[in-house]
Amino acid sequence: MKNIVVLGSTGSIGVSSLDVIDKLGAGYGVLALSANTNADLLIKQMLKFKPRFVAVLNEDSYQKVKPYVPENTKLLPPDEDSLIFLASLPSADLIINGLVGAVGFMPLVTAIKNGKTIALANKEPIVMAGKSIMEECYRWKATILPVDSEPSAIFQCLQGTPAGRKEEDISRLLLTASGGPFFKYKGALSRVKPEAALAHPRWVMGKKITIDSATLMNKGFETIEIMHLFNVSLSDIEIVIHPQSIIHSAVEFKDGSILAQLSQPDMRLPIQYAVTYPNRMPSPVKKLTVKDMAKLEFAAPDFKKFPCLELALWSAQKEGAFPAVLSAADEIAVDAYLKEKILFTDIPKLIYSVLKETRSPSGKITISEAAEFDVWAREKAREFLANKKYKKTII
C-alpha cells in the first residue's frame, strides 16, 4: 500500500489527485488531507477516503469540519504547524504538495529533510530558493517528482537518459505555454475583468495559477523551476506558445534529436505519473487521436504584451533574492486583481515596483533568507498598493 498525503486537497490539484487515487484503487491509500476554507468539500473527502489525519488551517472551517470527523481520523490544530506535521509523517510514502503560493514552502522543506518523495505542483518554493532546496534534496536523499504538465513532460522525456549524463546530453529544453485566454486578444488588457482572465481555454485550475497563466507569469515561474529541477541555465530553455496544449514540452539533445511528451490537456495524467512512478497504469484520461494532432500551432511569446514573463526571466537571470521577491509580489498583485482593487495591467507594474526596491545578495540565498525576503516583499507590495505609487511605473 502506498500511503499518500494530499496537501491542499480541496484545490484543483488536490481534487484531481484524489480522483486519480480513487480510480487507481487497490494499492493506493489516503493517509492525510489538508485544506484551508472549503469545509464542505473537505467533509465529503474525509468521509469518503477516511484518512488517518486531517488538517484545516482556517478556524471557522475547522469548527465546521469538527463534528464530521470519523472515529479513526485525528483532526489537527488549525495552524500551519499541522502542515509541517503532515509533511513529516513517518508512514507517508508520497507527499502531494498542491498548496498555493508560499504557504507550501516550509512543508516542502520539511518533507525534503525527512527524505520523502514529493509530487510537487506548488512551484513557488522552488522559485523562491531553488538552489538551496535542491541541495537539501541531495543531502537528505529526497525525491521531487514534478506534477505541473510541462516540467512533468521534461522529466518523462529524460527518463531514458543516464542520470550522470542528463546535463551533458541536453542541448535545449522546449517549454510550451498555451498562451492563456489573451494570446490572440486584440482589445485593451487594462479593461479585462477577472472572470475573463479566469476563463482558461485549455486547463481547469485554481484561481491563482489561472491568472498567472493569463499574464504568462506561470511560464516564468516554470522556467525558474525547470532551471533548478534539471540543473540547466536560463539560456538552455526556449519558451514556445502552443495554444492546443497537446505537446506539453520537449527535450532537444546534443545530436539534434527531440523527444516530446504529448497528451490531452488533463492534469490527472501528470499527477498519476507521479503517484505511480516509476510505473505506468491505465488512466481515465481520453487518448489522443491523429485528428487531435492535425493542426498544432506554435509561436514566440510576446514580451511587450505580457511583461510579467519578462520580469520573471529577468529575475531568473539576476538570481539572489529576486525570484523570491517576484513570487511574493505576484501573489499580492494577483489577489488584489481578483478583488478588483487593481487592473490586469497593474499586475506587472506592482511587481516591478517591488523588484526595483529589492537589495539582494548575489548568488544563492538560503532557505531562511528566502523566507525573510518573502515577508519583506509582501509588506512592500501592500505598501505600494496602499499609496498607489505603482501606477506611475513604466516597464
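A Cβ is built for glycine as well, from the same backbone N, Cα and C atoms used for every other residue.
From the candidate list Gly206, Gly220, Gly256, the residue Swiss-Prot records in the NADPH site shared with Thr10, Gly11, Ser12, Ile13, Asn38, Asn122, Glu124 is Gly206. When Swiss-Prot records Lys123, Ser149, Glu150, His200, Ser213, Asn218, Lys219, Glu222 as binding 1-deoxy-D-xylulose 5-phosphate, the matching candidate from Ser171, Ser178, Ser235 it lists for that site is Ser178. Binding-site extent for 1-deoxy-D-xylulose 5-phosphate: residues Lys123, Ser149, Glu150, Ser178, His200, Ser213, Asn218, Lys219, Glu222, maximum pairwise Cα distance 19 Å (rounded to the nearest whole number).
Measuring Cα to Cα from Glu222 (1-deoxy-D-xylulose 5-phosphate binding site), the binding-site residues that fall within 10 Å are Glu124, Asp148, out of Ile13, Glu124, Asp148. Thr10 (NADPH binding site) and Asp148 (Mn(2+) binding site) are 17 Å apart (CA-CA, integer value).
Within the set of binding-site residues Glu150, His200, Asn218, the entry lying nearest in space to Glu124 (NADPH binding site) is Asn218 (CA atoms). Same-chain residues with CB within 8 A of the center of the Asp148, Glu150, Glu222 CB atoms, the Mn(2+) site residues themselves not counted, are Lys123, Pro146, Ser149, Pro151, Ser152, Leu175, Asn218, Lys219, Phe221, Glu225, Ile226, Ser249. Within 10 Å of its Cβ, the residue among the binding-site residues Gly11, Gly206 with the fewest other Cβ atoms is Gly206.
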